[in-house]
Amino acid sequence: ELCEKASKTWSGNCGNTGHCDNQCKSWEGAAHGACHVRNGKHMCFCYFNC
């Protein structure tokens, strides 16, 4: 099971899921990452093992 958390290292709009994924994995130790729209903003979310 994966738990979603907003990225702590990403700033600004998330327009590149691949970049978000790489940053979550390499900088935050996440399983993977992806861009999602929340409250009208494109944000990078990281997914961690719960």
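Here the Cβ of each residue, glycine as well, is placed from N, Cα and C on the backbone.
The disulfide bond annotation in Swiss-Prot covers C3-C50 (among others). In three-state terms derived from DSSP, C50 (disulfide bond) belongs to neither a helical nor a strand segment and is classed as coil.
Taking Cβ-Cβ distances under 8 Å and a sequence separation of 6 or more, the neighbours of C14 (disulfide bond) in its chain are C20, C35, H36, H42, M43, C44. The disulfide bond annotation in Swiss-Prot covers C14-C35 (among others) and is backed by similarity to another entry.
All protein chains included, C20 (disulfide bond) registers 24 other Cβ atoms within 10 Å of its own Cβ. Summarising the annotation, Swiss-Prot assigns disulfide bond to C20-C44 (among others).
Positions annotated as disulfide bond by Swiss-Prot: C24-C46 (among others). Sequence-distant neighbours of C24 (disulfide bond) (same chain, six or more apart, CB under 8 Å from its CB) are S7, A30, H32, G33, C44, F45, C46, Y47, listed in sequence order.
Secondary structure at C3 (disulfide bond), as computed by DSSP, is strand. The Cβ of C3 (disulfide bond) has 11 other Cβ atoms within 10 Å, all protein chains considered.
Residue density at C35 (disulfide bond): 19 other Cβ atoms are found within 10 A of its Cβ, drawing on all protein chains shown.
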